[in-house]
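A quick write-up on the structure given underneath.
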Amino acid sequence: MGPSCLLFLCLLLCGGPELCYPQTQWLLPGGTPTPAGSSSPVEVECKEAELVVTVRRDLFGTGKLVQPGDLTLGSEGCQPLVAVDTDVVRLNAQLHECSSGVQVTEDALVYNTFLLHDPRPVNGLSILRTNRVEVPIECRYPRQGNVSSHPIQPTWVPFSATVSSEEKLAFSLRLMEEDWNTEKSSPTFHLGEVAHLQAEVQTGSHLPLQLFVDHCVATPSPLPGQNSSPHHFIVDSHGCLVDGLSESFSAFQVPRPRPETLQFTVDVFHFANSSRNTVYITCHLKVAPANQIPDKLNKACSFNKTSQSWLPVEGDADICDCCSNGNCSNSSSSEFETHEPAQWSTLVSRNRRHVTDEADVTVGPLIFLGKANDQAVEGWTSSAQTSVALGLGLATVAFLTLAAIVLGVTRKCHTSSYLVSLPQ
């Protein structure tokens, strides 16, 4: 078969001349494969108290070098040390300065942050040749062993008599799979899906405790109180899951799996006026003695659309009545009732200095696919089985159609070659 026929068949099957020749592959931030021997465009080194992020200036593998000034680490308050070489940019920062949140699991401390490439026009031009991309970064540290130089307190000391620091109770907030048995492996969601959140406290040697979610707020950036506009309250008024009042079916799970665990679902969403496709959820968790009767300040209430009423996970139904007007406080705790996000961080940190039974925990980023920036993050999620099946079906139909065309073209090319060779 002549070269022209081969080229025609390649154009017909591949759809363009650029696919008919060997192509160099690069590892983009979205996870596209790299050629053998090439390094990842973003490398992270998690040290004892700091992290070092090394970014290839040819971040997208296109030959267009990113500007060091367009790279940031974590929230706006983070100011890492930046070292620029010919080919790479290194960002060095302390974990506590640039981490967007800390998650506590059974065996690890997990620090979350993100690398942001936000290109700006240069030289007075109004065009951009690189994309905006946000790369989630995670550093995990094992929790095994006693890191304190002080003697371990006896395990028989009652909770009410124990003077301890906040670290004595390990609070956590995790994204779970639909069956609640395992932690979710991917942070990506599509609109219409449901996020399964599990709040938990490791009580250790304390007497039995019961966990409550006092309030939760969702923001496009990690820290409420910083860049807190826009924001959306999921839980408010000391345990009212107010997100369920809208068109969603967000609710606490009944019954609890354990007193120290509380599970709830949230219909996923994204912020309409935000350029980010990420959402961080920060919850204020607290505990009370397990034998304490739930009340207006310690409750877990969901809105039931069928009965148009608030229902508690446990306790009398009237403890949820205050969710309708948001007045679930009393005179001694009214300071907590009105908490705009900009005031939240300061308020909580000030009041938690002398409190050992509550903590703020952040989970995120939740990454929403389907927006403009998703090409950079879509590589982190597994291909959906439905999409694969649909793709295979379409490919089969296309192959059968093209096979008939190819067969006809092949015969024509063969006949033409035979006729030309006759005079010889």
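Including glycine, each Cβ sits where the backbone N, Cα and C put it.
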Subject >> Among C78, C139, cysteine joined to C98 by disulfide in Swiss-Prot >> reply: C78
Original post:
Do you know which of C139, C283 Swiss-Prot records in a disulfide with C216?
Top reply: C283
Subject >> Partner cysteine of C46 (disulphide bond, per Swiss-Prot) from C139, C240, C301 >> reply: C139
**OP:** Please work out, from what Swiss-Prot records, which of C301, C320 forms the disulfide with C240.
**Re:** C301
Subject >> Cα distance (Å, whole number) from C301 (disulfide bond) to C98 (disulfide bond) >> reply: 35
**OP:** Determine the most Cβ-crowded residue among the disulfide-bonded residues C46, C139, C283, C301, using a 10 Å radius around each Cβ and all protein chains in the structure.
**Re:** C301
Original post:
Across the topological domain 'Extracellular' (23-387), what does the pLDDT come to on average, as a whole number?
Top reply: 75
**OP:** Please name which of the disulfide-bonded residues listed here, C78, C240, C283, is nearest in space to C139 (disulfide bond), Cα against Cα.
**Re:** C78
